[in-house]
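Q: Pasting in a structure now, in structure tokens, and then I'll have a few things to ask.
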Amino acid sequence: MDELAGGGGGQGMAVPPRPQQGPGGNLSLPPGANGAPGGGGPPAAETAGPPAGPELSRPQQYTIPGILHYIQHEWARFEMERAHWEVERAELQARIAFLQGERKGQENLKKDLVRRIKMLEYALKQERAKYHKLKYGTELNQGDLKMPTFESEETKDAEAPPAQNSQLTWKQGRQLLRQYLQEVGYTDTILDVRSQRVRSLLGLSNSEPNGSIEAKNLEQILNGGESPKQKGQEIKRPSGDVLETFNFLENADDSDEEENDMIEGIPEGKDKLRIHKHKIGNEGLAADLTDDPDTEEALKEFDFLVTAEDGEGAGEARSSGDGTEWDKDDLSPTAEVWDVDQGLMSKLKEQYKKERKGKRGAKRVNRTNLCDMITDLGDDELPHIPSGIINQSRSASTRMTDHEGSRAEEAEPITFPSGGGKSFIMGSDDVLLSVLGLGDLADLTVTNDADYSYDLPANKDALRKTWNPKYTLRSHFDGVRALAFHPVEPVLVTASEDHTLKLWNLQKTVPAKKSASLDVEPIYTFRAHIGPVLSLAISSNGEQCFSGGIDATIQWWNMPSPNVDPYDTYESHVLAGTLVAHTDAVWGLAYSGIKNQLLSCSADGTIRLWNPQEKLPCICTYNGDKEHGIPTSVDFIGCDPAHMVTSFNTGSAIIYDLETSQSLVMLSSQVDSGLQSSNHINRVVSHPTLPVTITAHEDRHIKFFDNKTGKMIHSMVAHLDAVTSLAVDPNGIYLMSGSHDCSIRLWNLDSKTCVQEITAHRKKLDESIYDVAFHPSKAYIASAGADALAKVFV
């Protein structure tokens, strides 16, 4: 192929007779043989040789610039696609690495949680065994109580290196650790102190040489052959010695050389047998502890369990286990003897005690409980707990303010102990549980375990829960002033300012549109009042209910069936009668099922006792001359139904004898009984089982009074606004309060602490919650608000 130079048409590579494609896309003919430039015009065409017609139908040829341009374009596209591919590949690799790491993290988390669960189960079994022994004096048969085993440790045991290499590596590591400890100033004298603690724990005197203990006594200590007399002596040891034992157990991992030195007198066969037993029981958990940092970290979190467990006496705890603490160090491959400098050791001991005193408060959470346990074990017997009434806690006065404490001591009241005794709510067994300081472990359970009856109240655990809104009752047109539950059925009655009462069956629900709660439609509406309904009471059998209104009447109703048809015809027999005697609004009602009597208090200043079944239902009238003011609330005394308590707008509350109509005790919060408080009382309730009265005040306070002396035993600011309503659960464990700050608060009557706060209603005209109630037999609570809603919580 010849290379020809072209003129205006450019260069071309082609057979001379064929046309060629220039860079610009124009066809050009090759120049003549004489090298004259071909202009691509007609003269050049004439000299081209063959005619042009058949030449145009042949395939077009490419020029070098066009080919280079195409190659460069394709190469750029290929490089771009390759770059995109590499980016996608890197992203996918990063995604794969992230998912692998996430999977590995989840597996590690799962293993750690499984390990913790096993350790918690093991610790709980130990605590139950100790509790059973402390309560009944006998060992609890739980089978072979073994430390939990983990898969990683089993594989490590299976792949154990030869003993000689392991011993050599262990020696080198120990020497390196000694060098590091010397560099940071942690000398052998500290180890000497640790050695001395081991000797004191074994009962050896300081003057005895190392290894001089008799083999028989040592074997008895190590293998658990301890007599009951020795156990009793250990329980009566001074608390200081036991606390030293706790300090040792907190900080020291036992010295392997000292342990091996002390068991030299044990026969070889028994030693091997004991080591074999250790391996079976623990599966290398203690021996390979340093090889598995996760296991070591998990075990460190349970140091407080070891401390509490060894509180009964270090010797007893050492001798009664499976030999874990001793056998762990028996596996050490070497043994050394440390010389103890008694003078230096005693100085370091004193210095250590001083340091521990400074750290003791923040070091151990359960330290106080352990000290209380030691003190209680030193006494001849546990504090006596009276069987019907609460006992006084030794630490109750220290938990109160000086002012309130002085009042409590004057009145000798039935206090709510918040300390060691805790016998207001709990029985003697719960006192023992709190003394042991189990903390959260006391609530843990292990499946397939023996069920020990601790004589706890039946409904105590049922109430230890979080209440959540479940039902919303929306059919009233004005504020809901009062509500009450049926004694047995899941049925609620509400009284409203819209002049009506409504009956609700909580089992007939309608799903709400935009809420997790359920709407309930009323199944019956009571209509007889000609004004707002202010108060409500239901009989103990649930067959009648009573309502008091601003029209000064008390309406007596027969309760319809919970399964009544809401669209049934009107039944006139539902309204059983009307009790007329008051001349102003009836603000409070209370019913007693013992004598089927009804109490009412009115704005006319009187409190009236009714027996609705009689022809003249009004039995007696109290405070007829308004000598104490205007009554605001009334209730029967729970532990003495022959008495009732009434609160007044003057800030005082009076206990009346229903038989004699005489006032017995005035409950006043003032130090000087001649002065009366101006704090308006909105609600008064009586504790169901104790001689205690609780009042809710306009000044945001809730106050507790002793019914026998009339003295206030506790006072607390309970809400951010006026406290309007109170309710005590049927077991007397919890108190519920409602306020105009839109919140419901649940209080533990033992500790006077708020267990839960619920924001339930909205404000309307600066008022929010009017009433709260517990269901007598089911897990329901309810609240009534000024926003025309009633809410039920489960």
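The backbone N, Cα and C atoms fix where each Cβ goes, glycine too.
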Q: Would you please say which range out of 128-145, 164-181, 614-631 has the annotation region 'Calmodulin-binding' in Swiss-Prot?
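A: Checked against Swiss-Prot: region 'Calmodulin-binding' maps to 164-181.
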Q: Looking at 76-135, 436-495, which stretch does Swiss-Prot describe as coiled coil?
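A: Feature coiled coil in Swiss-Prot: residues 76-135.
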Q: Looking at the candidate ranges 1-59, 355-413, report the one that Swiss-Prot labels region 'Disordered'.
A: 1-59
Q: Give the range, chosen from 61-69, 70-78, 502-510, 718-726, that Swiss-Prot lists as region 'Caveolin-binding'.
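A: Swiss-Prot lists region 'Caveolin-binding' for residues 70-78.
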Q: Considering the residues Ser255, Ser320, which is the one that Swiss-Prot annotates as phosphoserine?
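A: Going through Ser255, Ser320 one by one, Swiss-Prot annotates Ser255 as phosphoserine.
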Q: Where DSSP helix means H, G or I and strand means E or B, what are the helix, strand and coil counts for the region 'Caveolin-binding' (70-78)?
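A: DSSP composition of the region 'Caveolin-binding' (70-78): 9 helix, 0 strand, 0 coil.
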Q: Give, as a single whole number between 0 and 100, the mean pLDDT over the repeat 'WD 5' (718-757).
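A: Summarising the repeat 'WD 5' (718-757) by its mean pLDDT gives 88.
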Q: Using DSSP, tally how many residues of the repeat 'WD 6' (764-794) sit in helix, strand and coil.
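A: Breakdown, helix to coil: 0 helix, 17 strand, 14 coil.
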Q: Mind checking how the repeat 'WD 4' (676-715) divides into helix, strand and coil residues in DSSP?
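A: Split into helix, strand and coil, the repeat 'WD 4' (676-715) gives 0 helix, 22 strand, 18 coil.
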